[in-house]
Structure formats: C-alpha cells, structure tokens
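Since the structure comes first, as structure tokens, the remarks are kept for the end.
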Amino acid sequence: MAVEMFYDADADLSIIQGRKVAVIGYGSQGHAHSLSLRDSGVQVKVGLKEGSKSREKVTEQGLEVDTPAEVAKWADVIMLLAPDTAQAEIFTNDIEPNLEDGNALFFGHGLNIHFGLIKPPANVTIGMVAPKGPGHLVRRQFVDGKGVPCLIAIDQDPKGEGQALALSYAAAIGGARAGVIKTTFKEETETDLFGEQAVLCGGTEELVKTGFEVMVEAGYAPEMAYFEVLHELKLIVDLMYEGGIARMNYSVSDTAEFGGYLSGPRVIDADTKKRMQDILKDIQDGTFVKRLVANVEGGNKELEALRKKNAEHPIEVTGKKLRDLMSWVDRPITETA
C-alpha cells in the first residue's frame, strides 16, 4: 500500500505561526524542535521541571523555559517529548489540568496514546509529528536549509484541523523539505517497537554476542572475534544505510557476498521468522507494554538487572580494551572517568 506524502507546497506554515507551542522535554528531539520552531517564526516555550540541568542550556540558547504545568497553561499546542515512561505522569499532573477546548496535544512517538496509558479529553486534538532521525540531525539539516523526513498522524480531531496543524508543525522543523509521510498511531508505534526489539537493538545485539561466543569458544582470540563481529558491523551498516542491501553486497568482496548468501539463511531461518512474528504479536496485543509499565512501577528493577547482566558480557571487557587503541572513536562518558 502506497503511503501518502506531503511537501512544503502542501503545508501552510502560518497555521503553526499563529499558535503558541509548548515543547515539554529538551533532550535530543526537544532541543531540535524548539530551536527550529523558533527560527520558523513560531512562539515557543520549553517545559522542564524545577532543578532540571537542561534549564540553563535552554536559556543560553535564547528560549523561554518554565515548568511543564506553566507552559501547558500558556500554550494551545503542546508537544510532549519527555521519555515514554515519564509521559503519563506529566500528562496527569501538568498537562491535563491545563487543557482547554481546542488545544492540541502532540507526541513524537505514539506508545502512550496507542496503548491507552494517556487518555486525553475528547475536545483536544491528538496528533504526532515524528522525524525519522535523531535530534542533532534534524537540527543540522534544518540549519542547512534541508530536512529530515517526518511522520504525521492524527488520533483525535474534534475540529477537523489536525492534519493541517501537524503538517504545518512538520514544515516548521524542516520535515516538509524532505517529505512528510502520513501514518497512524498504531502503525508508527507497533513498527517502531518491532524494529527496536527484533532487529535494531535486541536482534542485532544478540547476533553480535552469540557470534563472539562461538568464535571464542572455538579457540579464537577475543580481540579477533570482537573485530569480526562488532567493530566491522559499522562498515556494513553504513553501506546498507547509504544504498540498501544491494549496495552493501556490491561493495564487499565476492567471497563475503557469496558466503553471506549461503550462510545468512542458516542463521536467520523459518524458526527465527516465527519467533519474530511472536515478538510482533506481543507488541500488538499489549503484552510488552504491560511488562514495561510493571518494570517502571517496580522501580526499574528488571531493567537494571538486565543492564547489569549485559554489561558483564565478555565482549564488553574486550571492546573497552580495544577501543583504547582507537583514537578516532568517540568515547562515552562511562569509559573516560
């Protein structure tokens, strides 16, 4: 099924320019949205709790900052860009008491609306504007006169103006320069979670760790195993990112290409596909989100235990040692203390 696409010519920037926008959160996406909205002539304030370390940064970058409740009271369009697990509490405590008839509540990801963790009143427009790239890229492309493709979706539209408003917002952060794709909260949420769990984070991580274990258990040096299954992964992913799977296969050696065709289906087979389908089902029926909520309500104990177990894997020890030799690799704060 073909998607519906929109560009700058389809968007009316004056719509969002005539509104007051509160951006709650100033992380990767929050700073990109806020600065680009301002540069597009939109009235914008940032909502951060008292004592937030980001407040000084917001002020230094020339934006107004106040508490989430105060900016929600001031605005008629609220973009909630806090972490998924914090959004329901922010909505209940700070946003919902300040919503008025005709306000719009926007999100950068559909999880809380799609799974009913946030239940907004019927007289409020509920929409989503989700750039398909990290915040620093969204901002850099905007400054360069370009843009990152965006998704838009409308879940609730009491006044029939939701799509035009979302498209105007997307244009104000540069999305319509590249292309805006119309989707639904259901489609964005379920595809995003599946991609993260089965392929991008969960699937790739376990593939790398298992490959490392197989090589080390066969007697190969951990350093050699690390280079072959983790370090070189970036080279392959970059080729796929730039030109798809065909570009990657064209660029690697014939030996690598031929071996990949033969062995790839032995690693990822029909049984793997069935388990991936089971993961998708757990996402669709809410099983995953119930566990996510239980983890948060339990003080993140399950997440912390999983993090600890993962950090203790031998590939992490080997990787830290090898990255000390790589002056060109940006080092995370956890490795520079």
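Just so you know, glycine gets a Cβ as well, placed from its N, Cα and C.
The candidate list Gly133, Gly135, Gly145 contains one residue that Swiss-Prot assigns to the NADP(+) site with Tyr26, Gly27, Ser28, Gln29, Lys49, Ser52, Ser54, Asp84, Thr85, Ala86, Gln87, namely Gly135. The binding-site residues Ser28, Gln87, Ser253 differ in how many other CB atoms lie within 10 Å of their CB, and the one with the most is Gln87.
Distance noted between the C-alpha atoms of Glu228 (Mg(2+) 2 binding site) and Ser253 (substrate binding site) is 15 Å. Closest in space to Ser253 (substrate binding site), of the recorded positions given as Tyr26, Ser54, Gln87, His109, Asp192, is Asp192, taking the CA atom of each residue.
Sequence-distant contacts of Tyr26 (NADP(+) binding site), defined by Cβ-Cβ distance under 8 angstroms and a gap of at least six in the same chain, are Ser34, Val46, Leu48, Ser52, Ser54, Lys57, Val58, Val65. The recorded positions examined here are Lys49, His109; by Cβ neighbour count within 10 Å, the least packed of them is Lys49. Taking every pair among Tyr26, Gly27, Ser28, Gln29, Lys49, Ser52, Ser54, Asp84, Thr85, Ala86, Gln87, Gly135, the residues recorded as binding NADP(+), the greatest CA to CA distance is 21 Å.
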